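Below is one structure; the comments refer to it alone.
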Amino acid sequence: MGTTILSDLGTEILIPVCAIIGIGFALVQWVIVSKVTVSIDGKSSSSGAGADGKNGYAESLIEEEEGINDHSVVHKCAEIQNAIAEGATSFLFTEYQYVGVFMVAFAILIFLFLGSVEGFSTKSQACTYDSSKMCKPALATAVFSTISFLLGAVTSVISGFLGMKIATYANARTTLEARKGVGKAFIVAFRSGAVMGFLLAANGLLVLYIAINVFKLYYGDDWEGLFEAVTGYGLGGSSMALFGRVGGGIYTKAADVGADLVGKVERNIPEDDPRNPAVIADNVGDNVGDIAGMGSDLFGSYAESSCAALVVASISSFGVNHEFTAMLYPLLISSVGILVCLLTTLFATDFFEVEAVKEIEPALKKQLVISTVLMTIGIALVSWIALPSTFTIFNFGIQKEVQSWQLFLCVGVGLWAGLIIGFVTEYYTSNAYSPVQDVADSCRTGAATNIIFGLALGYKSVIIPIFAIAISIFVSFNFAAMYGIAVAALGMLSTIATGLAIDAYGPISDNAGGIAEMAGMSHRIRERTDALDAAGNTTAAIGKGFAIGSAALVSLALFGAFVSRAGISTVDVLTPKVFIGLLVGAMLPYWFSAMTMKSVGSAALKMVEEVRRQFNTIPGLMEGTAKPDYANCVKISTDASIKEMIPPGALVMLTPLIVGILFGVETLSGVLAGSLVSGVQIAISASNTGGAWDNAKKYIEAGASEHAKTLGPKGSDPHKAAVIGDTVGDPLKDTSGPSLNILIKLMAVESLVFAPFFATHGGLLFKMF
């Protein structure tokens, strides 16, 4: 089979070094951001190193462009930032208390189910794929799967929490820098996003690498058992992401819908007006939904694609012959990805400077292109030094011979499919192109035509991404079977640090605009933050496109690993067992979406009633002489989202268990296939419809072109129709759409982890007849 150029020692050094470089780079960016102080008395309003005003940055910030030297503006920014940070932290702590209980309960379930496969025996057993060899007992798999589940869950929670902390730290700093110019504000927001991106990518890689090495001390040469136990890491990551995404999504959209419907439509006051009681809850929501939820989500995708690739590799020639470097090829791709993203980030922050509003979106798009081009070179290099020239990959019972250049193409096709999905998403959701402008134009005749155009746009936007995913599946499977699909997913996620930086930039800019409005800053500054926010909306849609595309590939790879582990030779759609599973699986994303949409609706209803109550009962609120009760709105959003996130979460977590135990592995394989096929379509259309409605509204508000001016200004009938469209789209793009990609991944990884139990004890109903 041949040896690799990179030695095992080289691999053992390279992976942790790359991860540490990533963490170091994130800390450097954070220190630079912290030099922007959010107070005028030398004491920072925000915790953190370097934020104490000793750097001489404080004075220059006070000099506003119009010559106003208003210290109260900075003071207001500090106050608002504190309120947002406190709201976000208290919500996440409440959420994590509930999620912590679930985490412990599910860990016990994993141990009991997997331990019972061999009756909690401590004797060695025959290996699953090579019965001539002896492997560690099933009890060991139960113990180590439970540990890796908890590791993945904790890492996912930390990823989301750190992201939220960084975003709430950077929002007011971005607002203050907007007084110097749009370029300065852009760099602060982007650097802050990079902190989150690099911390998450590096932490995910480092924890997984350490777990593999620690588990190896026990497992020794039993790599099949070792990497089967590691799959718990992906399950832990995604199960936390599900609650983060659903809970955060319900929180943010309940507040957003409530603030928009009463504030903009009924009371005709601007977005983020401090008189609106729901305005703080709305800004908190951006951080807990779009930042903490997105962070956990992409961490889950990364963990699962790595686990899927490692499971398949462990029963291929890499694992059988104990080739350590080739075995860790997925981790080496991620390591090089961190270095590539580091270089790419410097293009936005150091090599080129954004000087005008029209340069913002191209600067973010260049990040995607540069990282993809550089990563292609990086993948070629890793494939050359870390893979033998020929090797075999496990393919449903037979070993398929593969060459190293074929694996390079598998990763490359995933990487470039991600870029295509990103650009198609941008075309359909950016107000620079005709699809969104057509949606905006349809507002002339009211909200109904706006809704019709928006839905049509979402459905149409599914076509090219699905072809891109289909082609990458076909190419990668033909070259390297299920392992090819797993590494194609990793290819799509290899530039995760840059993808997350771009994604986190959006909510930070959105918050910055809100803070500018609430602090009573000048119209020119609000225009700058709005321009940052509009670009951020499009990049958020691109980020969701990446997340959905990678989820499709990841869940297919996990599906392949599950089918192999459960001992199914073929999945025959014509057998009733499988077909009923397909039908039920295809229905699940609709059931899940119904739950999340209704949750947002009922939470928004409470919020609308509260905002109306405050406007009607607090004297002087509309005149600006009295302060609204922000805390009550924050409490409504928190309570509603915690209560409402449990049923959708239970649906996703319990379905594989119920189907596997009662109907067996064949029906479960049908459920997984059905949910994958329908879930991807709904997720893409929901995200893009919502993104298009949002940017159609912003297109009318900005009034940048002659066409947009004929539809505006704010408060006009077309603008009100656009606000209604945006409100309908909010739960689609920020709750249901992004949560669906977790549904399809999570059910697949959960089925893989429990596969030994289902194969041994599953299908109780069919055994009775």
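Note: Cβ is positioned from N, Cα and C throughout, glycine not excepted.
Under the heading transmembrane segment, TrEMBL lists 13-33, 137-164, 185-212, 327-348, 368-386, 406-429, 450-475, 481-502, 546-568, 574-592, 645-665, 742-766 (among others).
The highest tally of CB pairs under 8 A with the transmembrane segment (481-502), across 327-348, 450-475, 546-568, 574-592, is held by 327-348. Between the transmembrane segment (13-33) and the transmembrane segment (574-592) there are fewer than 3 Cβ pairs closer than 8 Å, counting only residues 6 or more apart in sequence, so the two stretches are not in contact. Sequence-distant residue pairs (6 or more apart) of the transmembrane segment (546-568) and the transmembrane segment (406-429) include at least 3 whose Cβ atoms are under 8 Å, placing the two stretches in contact.
When Cβ-Cβ distances below 8 Å are used as the criterion, the transmembrane segment (137-164) is approached by residues 88-89, 92, 96, 99, 103, 106-108, 110-115, 117-118, 120-125, 196, 199-200, 203-204, 207, 211, 215, 218-219, 225-226, 228-241, 244, 287-288, 291-296, 299-300, 303, 504, 753, 756 of the same chain, each at least six residues removed from its ends. Residues of the same chain lying 6 or more positions beyond the ends of the transmembrane segment (327-348) and with a Cβ under 8 Å from any Cβ of it are 6, 11, 14-15, 18-19, 21-22, 25, 29, 187, 190, 194, 197-198, 201-202, 204-205, 208-209, 212, 223, 302, 305-306, 309-310, 313-314, 318-319, 354, 363-364, 366-367, 370-371, 374-375, 378-379, 381-383, 386-387, 407, 411, 486-487, 490-491, 493-498, 501. For the transmembrane segment (450-475), the list of distant contacts is 409-410, 413-414, 417, 420-421, 424-425, 428-429, 435-436, 438-439, 442-443, 484-485, 488, 545, 548-549, 552-553, 556, 680-681, 684-690, 692-693, 696, 721-722, 724-725, 728-729, 732: same-chain residues at least six beyond its ends, Cβ to Cβ under 8 Å. The transmembrane segment (574-592) is in contact with the transmembrane segment (645-665), judged by 3+ CB-CB distances under 8 Å for residue pairs 6 or more apart in sequence. If one looks beyond the transmembrane segment (406-429) by at least 6 residues along the same chain, the residues whose Cβ comes under 8 Å of a Cβ in the stretch are 329, 333, 365, 368-369, 372, 375-376, 379-380, 383, 387, 435-436, 457-458, 460-461, 464-465, 468-469, 471-472, 475-476, 479-480, 483-485, 487-495, 537-538, 541-542, 544-546, 548-550, 553, 687-688, 691-692, 695.
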